[in-house]
Protein chains: 6
Amino acid sequence: MPYVNIKITREGATTEQKSALIKGATQLLVDVLGKNPATTVVVIDEVDTDNWGIGGESVTKLRKAVK
Amino acid sequence: MPYVNIKITREGATTEQKSALIKGATQLLVDVLGKNPATTVVVIDEVDTDNWGIGGESVTKLRKAVK
Amino acid sequence: MPYVNIKITREGATTEQKSALIKGATQLLVDVLGKNPATTVVVIDEVDTDNWGIGGESVTKLRKAVK
Amino acid sequence: MPYVNIKITREGATTEQKSALIKGATQLLVDVLGKNPATTVVVIDEVDTDNWGIGGESVTKLRKAVK
Amino acid sequence: MPYVNIKITREGATTEQKSALIKGATQLLVDVLGKNPATTVVVIDEVDTDNWGIGGESVTKLRKAVK
Amino acid sequence: MPYVNIKITREGATTEQKSALIKGATQLLVDVLGKNPATTVVVIDEVDTDNWGIGGESVTKLRKAVK
């Protein structure tokens, strides 16, 4: 019955990668806590890089600074 | 003062249906706990079916499997 | 498959009231969007009044001001 | 190491305004609790006005009523 | 830089199990998306069984019904 | 009408510090976006250090390693 929410920046994760996150997170709850996968929910939020900050700067600015 | 977050898959919920969710969730808090509706907030998140998983599979795949 | 999160201040909601919130929120999703109740999840968070603010003040202070 | 999530209605917040929210929220955690800004994460969610309700009505309807 | 939130019912998960969830969720983001583990945050919420519902019933009631 | 959620580790934040977070986050939304403070909600979650991970380790372990 667990609920897992994964937030990542929106930078081109593919459908296959998102499927792998869903499968992997569900399996993790099965392996560690013996949870029932049938009622384990995973929700992925993709967030624009303008809307995600770390160290006081948006990821958009951080990406530019690294180039 | 309650805050209610409703997450559903993005599959064509209409403006009227979303209004009904807002009205119904607010009324629920009034009826059960006597909360003040004026400061009750409801936020609806619509999530792409690629980004929602249950049973280790994305809803996109589950919908296809059922067809 | 919806997920509903209800946040309220921790001020003595009873087990019966919390059951009523779970039942009512689940029924709302059934009535409005035809969702399957069997996979509808409701999570209630009870938050200390020191940790909830509105209008820039904690609920603890607002409650005292009203007395 | 704090995590801050700011939810606002999607009504034209600019990139500069969102940068100011990120910077300000990060600084708040530094000033009040002495947290390390380098690992402070801020995520801004912009929510459609149809999907945000207060007082049992969507913000879309409330905006129209005010006009 | 991802943020992962895992919500489970409060039913005796040990410190070791919670460490395994943190390690596993972080590794999943590294493996699938090449994310930097150093800035990957995992937060586990343990929720009372009275406060978690599925199928319109609290987990507390569901556990009793199964006995 | 914004909603701000601040998650911090549970490590002794005082009532005064939490009041300062509520006041500061509310003022930030007023200053940057001209939001109405009367309907701005701030919720602070304090999370046990066993339940918060970064870099694949719980904060409990990280704190011990630093000593």
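Even glycines carry a Cβ here, placed using N, Cα and C.
Residues or ranges marked as active site, proton acceptor in TrEMBL: E:PRO2. Non-local contacts of E:PRO2 (active site, proton acceptor) by the CB criterion (under 8 A, 6+ apart in sequence, same chain) comprise E:LEU29, E:LEU33, E:LYS35, E:THR40, E:VAL41.
With helix defined as DSSP H, G or I and strand as E or B, the domain '4-oxalocrotonate tautomerase-like' (E:2-61) counts 28 helix, 19 strand, 13 coil. According to TrEMBL, the feature domain '4-oxalocrotonate tautomerase-like' maps to E:2-61.
On the 0 to 100 pLDDT scale, the model's mean across the domain '4-oxalocrotonate tautomerase-like' (E:2-61) is 97.
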